[in-house]
Amino acid sequence: MTLNEKKSINECDLKGKKTLVRVDFNVPVKGGVITNDYRIRSALPTIQKVLNEGGSCILMSHLGRPKGISISEAAAVRSAGKVPGYEEAATLRPVAQRLGELLSKPVVFAPDCLDAADVVKKMSPGDVVLLENVRFYREEGSKKEEEREAMAKVLASYGDIFVSDAFGTAHRDSATMTGIPKVLGHGAAGYLMEKEISYFSKVLGNPPRPLVAIVGGSKVSDKIQLLDNMLQRIDYLLIGGAMAYTFLKAQGHRIGTSMCEEDRLDLARSLLKKAEDRKVQVLLPVDHVCHTEFKAVDTPVVTADADIPDGHMALDIGPKTIANYVETIGKCKSAIWNGPMGVFEMTPYSKGTFAVAKAMGDCTQKNGLMSIIGGGDSASAAEQSGEATRMSHVSTGGGASLELLEGKTLPGVAILDEKV
């Protein structure tokens, strides 16, 4: 699978136009306060481009998973003086305030995304409007295309141009991701979307070799398609996290009370056979950091080899495994990482994950390694380890990056115009 280049915001005539930008402002909010504004900051270059070119910007996003109401129920709610579908925990109002601070200019907040025509009419070049959470309406994520289209038609009526900068939701067929470009008949990629497409097309197309995939997380079953697809492309596979114990048991090792998918042992064996047939070198843990319970302790047990003692569960890769994995990363020219090596949220079990992050950061800076972190837990681990800024690319999309690595097409990318 190759990802074709998409029409860029650079190729759009933005002057005097109202540009609808689908962003991903799904940020963590506690008590009305944003605890991490990384996703807001990531969208700034695209927003600034629209404003610098003499256009105005209408921003759309979701936040969280509100219940939402249907468009047909909205009129009655509005006539009662309320905002349709409103949930305080999911409002984008704090985001409008933070965005205004980052842009050093006021951002107008439209409290009902489907009743914002009057707000939009008053816009002048240089203005920024943020619409309230698009998921306050069920049609945003409806399974029925006609329902998504009904919502998309209202939103499309606000603007002239559609730009998508929300890679994090590119795997979803929604009113704002695929509906609006269908209604308008066009769509371009913002800078963040462009960067994501560029890096994933490199790693899935013709990457500098050798290419290593570092795959962790808890379940083999969650990563079957990813492993199957990536085994056609990679030179090395490093396996960590709880999924490693299913592979080790499949090879006949003792795994104590470690997490294991007993019904996936044959699958693990078939994946290892596939790797052998394709001449992919697979590295599994040769030692472990263990404890009798799932909790942080000052002195966890480090095993001498790949076998885990009875009554113990492995919670991180051990020092010999770390050395093997770091050495392998050092041999490579490209690396893609999806899933932690252990329970990195607990300090005693974070060494494996953070060592992989550091090795990738070091090799990127010193050897020119092309390093890509698939979003989700791996992105959080890269952030926590302090290595995120030393990587080539940390993806903003957990689910979207996983689906790309599985070889799937992302609806929110496919709908955009091809680069001419």
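Cβ atoms here come from the backbone N, Cα and C positions, even for glycine.
As recorded in Swiss-Prot, the features of this protein are as follows:
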BINDING   VAL23, ASP24, PHE25, ASN26, ARG39, SER61, HIS62, GLY64, ARG65, ARG135, HIS171, ARG172, LYS219  (2R)-3-phosphoglycerate binding site
BINDING   GLY217, ASP222, GLY241, GLY339, PHE344  CDP binding site
BINDING   GLY217, LYS223, GLY241, ALA314, ASN338, PHE344, GLU345, ASP377, SER378  ADP binding site
BINDING   LYS219, LYS223, ALA242, ALA314, GLU345  AMP binding site
BINDING   ASP222, ASP377  Mg(2+) binding site
BINDING   LYS223, ALA242, ALA314, GLU345, ASP377, SER378  ATP binding site
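Sequence features, as recorded in Swiss-Prot, placed on the structure.
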{"residue": "VAL23", "record": "(2R)-3-phosphoglycerate binding site", "CB count, 10 Å": "30"}
{"residue": "PHE25", "record": "(2R)-3-phosphoglycerate binding site", "CB count, 10 Å": "25"}
{"residue": "ARG39", "record": "(2R)-3-phosphoglycerate binding site", "CB count, 10 Å": "20"}
{"residue": "HIS62", "record": "(2R)-3-phosphoglycerate binding site", "CB count, 10 Å": "27"}
{"residue": "ARG65", "record": "(2R)-3-phosphoglycerate binding site", "CB count, 10 Å": "11"}
{"residue": "LYS219", "record": "(2R)-3-phosphoglycerate binding site", "CB count, 10 Å": "15"}
{"residue": "ALA314", "record": "AMP binding site", "CB count, 10 Å": "31"}
{"residue": "ASN338", "record": "ADP binding site", "CB count, 10 Å": "27"}
{"residue": "GLY339", "record": "CDP binding site", "CB count, 10 Å": "25"}
{"residue": "GLU345", "record": "ADP binding site", "CB count, 10 Å": "14"}
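Closest in space to ASN338 (ADP binding site), of the binding-site residues given as ARG39, ARG65, PHE344, ASP377, is ASP377, taking the CA atom of each residue. Look at the binding-site residues ASP222, ASP377 and count other Cβ atoms within 10 Å of each Cβ; ASP222 has the fewest. Distance between Cα atoms for ASP377 (Mg(2+) binding site) and GLY339 (CDP binding site): 6 Å, as a whole number.
GLY339 (CDP binding site) has SER378 as its nearest neighbour among the binding-site residues VAL23, ARG65, ALA314, SER378, going by CA to CA distance. Working note on the binding-site residues GLY217, GLY241: by count of other C-beta atoms within 10 Å of each C-beta, GLY241 ranks first.
According to its DSSP assignment, HIS171 ((2R)-3-phosphoglycerate binding site) is coil.
A C-beta separation below 8 Å, combined with a sequence spacing of at least six in one chain, links HIS171 ((2R)-3-phosphoglycerate binding site) to GLY397, GLY399, ALA400, GLU403, LYS408, LEU410, PRO411, GLY412. The distance from the Cα of ALA242 (AMP binding site) to the Cα of GLY217 (CDP binding site) comes to 6 Å. The 10 Å shell around the Cβ of ALA242 (AMP binding site) contains 22 further Cβ atoms across the protein chains shown. A strand conformation is recorded for ALA314 (AMP binding site) in the three-state DSSP classification. For LYS223 (AMP binding site), the same-chain residues 6+ apart in sequence whose C-beta sits under 8 angstroms from its C-beta are VAL215, GLY217, MET243, ASN338, GLY339.
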